[in-house]
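To keep things clear, I will list the structure first and then write my remarks on it.
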Amino acid sequence: LSEQKEMTLQIEGMTCAACAIRIEKGLSRIEGVFSANVNYALERSTVTYNPKVVGSQRFAEVIAKLGYHALNEEEEKEKEGLKLKAYKNQMRLFWFSLVLTLPLFWTMVTHFHFLSILYIPQVFTDPFVQFMLATPVQFIVGAPFYVGAYHALRNKSANMDVLVALGTSAAYLYSVYLMFEARINGHVGMVELYFEASAVIITLVMLGKLFELKAKGRTSQAIKQLLRLQAKNALVIRNGQEQLVKLEEVVQNDLVRIRPGEKIPVDGTIESGSTVVDESVITGESLPVEKKVGDPVIGATININGAIKVRAIRIGEDSALAQIVKVVEEAQGSKANIQRVADRVAGIFVPIVIVIALLVFTVWYFYVMPGELASALIPTISILVIACPCALGLATPTSIMAGSGRAAEFGLLFKGGEHLENTQSIDTVVLDKTGTITKGEPTLTDVIVFNHYPRNQLLKIAAAAEKNSEHPLAKAIVTAAKAQNLLIEEPDFFEAVPGGGVRANFGGKEILIGTRHFFDREGINREKAEPKLTELEAQGKSVILLASNRRLIGLMAVADIIKPGSKGAISRLRKRGINVLMLTGDNERTAKMIAKQVGIDQVIAEVLPEQKSEVIQKLQQQGQKVAMVGDGINDAPALVVADVGIAIGTGTDIAIEAADIALMKGDLHGVADALAISHITMRNIKQNLFFAFIYNFVGIPIAAFGLLAPWLAGAAMAFSSVSVVLNALRLQKVRIDK
């Protein structure tokens, strides 16, 4: 297999969706590039490539050749400053353009007889004055359109710049022709010119771009707010001395002192002290969490009431906050399937519009108003201007950006736009039991010994055998042994048997711990345990059997607590018409007891990890769109196979890595919230696409019939982009009904 690497490039100079498509195609053609994805709204490209074949320098060269600029590392650091600078430059150009355009705009009343009563200063109607006002607008303010059009045509493609350059140039050059013709022929009086059309169009497009830049900046507020959560400094203890350093200067294994009320600057573990921590900024959980020595803490959370010392473990890009920011950025930069369709339409839209404009010109010039160039040019210019695909290019990515950003505020991390889209079609939710429906913090409730085996010795052996296991039931046994101050020794040998139990060697004896099925497979007689085993399972407890040298010595019962929100969340899902199933490796009786308490009718129990993914596939074969929700390593295969994999954020890194959505609260209400956010976002995208298409489908015919003045076409085009972005911004305030 060839080596793969992913690189993100910030790109300047894109003016519409067609630009993004052109860059995408250019990068995709480079040898060694596996895929390229360009997001117009984020002005960002993600390239997957073979680093042995090609590198960033080549990408920058290709982007430059296409007429755009890829920011280098230094510029990347200053990108917020560069964006502000670009916005200020755009603002200056707009005001310059507006001052020159307003006198020309005033002369528009000459084209409308019902406005003839309005006074127009004679100097404004002078052809030479109009020429002097319009020329700087056309060639100074409008220069970027010409540059963009040149690069587009040189690369055999077309974009917004081509449409604006063609439309405004036609109006401007025709006006220049009429002005000189009037002079040569000695014409006296008012000459009907169209300088105002070209100037007003450019000014309105500039205004639209200003609004767009401002609104696009607001859609990325979620990431900026996340970054603002970070502490700026940290009080580190080095060589016994405390010193205040910048967060970037903290290194792994530094000891950091955090006083009450301060933000915790790093991810780490508490080495001394105890406290209560507000983790709501990361998990969304409103209740503070008690922390003691050995407990993990997360950077950006708030230390409420105790002085603690924390050993830095994950810093910089490895921190939990950095990972959350990365996931949100990737989600905002990725493309939903619906966007790919919109991009394909935008890619062919501009050439089609140019063909339509030429046909309209031909019909008007040769058939409707034979020989009248002005009559043919006006509808042609209007078509070229109104038909810009900007709104089409912004429709989906702005909604994805705003929707995924809002989701992050609810503690939902969508790992890509496609997952935000796919979630809306889910009709079946499959829930793991331990750690998903229940707290995943089982407590040892019963210890039963056989053949007069010492109780404490049984617990000691079990704790030693389970010491290295990550399973919640194992942790319950170890916790119980520690509570009784039993010495937990290291086993001589340890092996976790997936879906079954544990095999270990301890004190020269083979210890087996596991389910009844595990014991049956091992051929161990469990007849003596059957009555008690049945009784405890009937109470909804998980029972594990113990054997020493293949002889039954006892059993232990563990009970897990149902999470407070599980029943309410499952009720919400069922109200949405979602089919809810429980899928667990636990025994059927225990699983059904838990299911009954939370309102789940369908239970598939005693399933091995590899069988979980098979169950998901069977449901999919029946035509169901399945979301799998889990938190453990054993859930990872099922999370990958499901249409949407949802990981409980308090679970293992492997489960979160395998999933499409991470629930940072560790609460099942997040599943219902994810479905709600997905539905709301997709509805918003469809509204945007409807707006984008309707502008063109209604506007082009109106323009073709000569019923739309060019300046109105420019205003409509600018308004279409702005309205789409503003509609997407509504997602930032969306509320979810519980």
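Heads up, residue numbers simply count up from 1 along the chain you see.
Just so you know, glycine gets a Cβ as well, placed from its N, Cα and C.
Annotation source TrEMBL lists domain 'HMA' at 5-71. Looking only at the domain 'HMA' (5-71), the predicted model's pLDDT averages out at 87.
Sequence annotations record features per position, and here TrEMBL assigns transmembrane segment to 93-119 (among others).
The transmembrane segment annotation in TrEMBL covers 131-150 (among others).
The transmembrane segment feature in TrEMBL is assigned to 162-180 (among others). Sequence-remote contacts of a segment are chain residues at least 6 beyond its ends whose Cβ falls under 8 Å from one of its Cβ atoms, and for the transmembrane segment (162-180) they are 127-128, 130-131, 134, 138, 142, 145-146, 148-149, 152-153, 191-195, 197-198, 201-202, 205, 350, 353-354, 357, 373-374, 377, 380-382, 384-385, 387-388, 710.
According to TrEMBL, the transmembrane segment annotation covers 192-211 (among others). Distant neighbours of the transmembrane segment (192-211): 15, 87, 90-91, 93-94, 97-98, 100-101, 104-105, 107-108, 110-111, 127, 130-131, 133-134, 137-138, 141-142, 145, 164, 167-169, 171-172, 174-175, 178-179, 374, 377-378, 381, 385, 390, 709-711, 713-715, 717-719, 721-722, 725; these residues of the same chain sit at least 6 beyond its ends, with a Cβ under 8 Å from one of its Cβ atoms.
Remote same-chain partners of the transmembrane segment (345-367), defined as residues 6 or more beyond its termini with a Cβ less than 8 Å from a stretch Cβ, comprise 16-18, 21, 157-160, 162-163, 166, 373, 375-377, 379-380, 383-384, 387, 389, 392-393, 696, 700, 703-704, 706. Summarising the annotation, TrEMBL assigns transmembrane segment to 345-367 (among others).
The feature transmembrane segment is assigned by TrEMBL to 373-396 (among others). Only residues 6 or more beyond the boundaries of the transmembrane segment (373-396), in the same chain, are considered here, and those with a CB under 8 A from a CB of the stretch are 15-18, 20, 40-41, 159-160, 163-164, 166-168, 170-171, 174, 178, 192, 194, 197, 201, 208, 212, 335-336, 338-339, 342-343, 345-346, 349-350, 353-354, 356-358, 360-361, 364-365, 417, 685, 688-689, 691-693, 695-696, 699-700, 703-706, 708-710, 712-714, 716-717, 720-721, 723-725, 728.
What TrEMBL records for 688-705 (among others) is transmembrane segment.
Residues or ranges marked as transmembrane segment by TrEMBL: 711-729 (among others).
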Residue counts in helix (H, G, I), strand (E, B) and coil for the domain 'HMA' (5-71), per DSSP? 22 helix, 23 strand, 22 coil
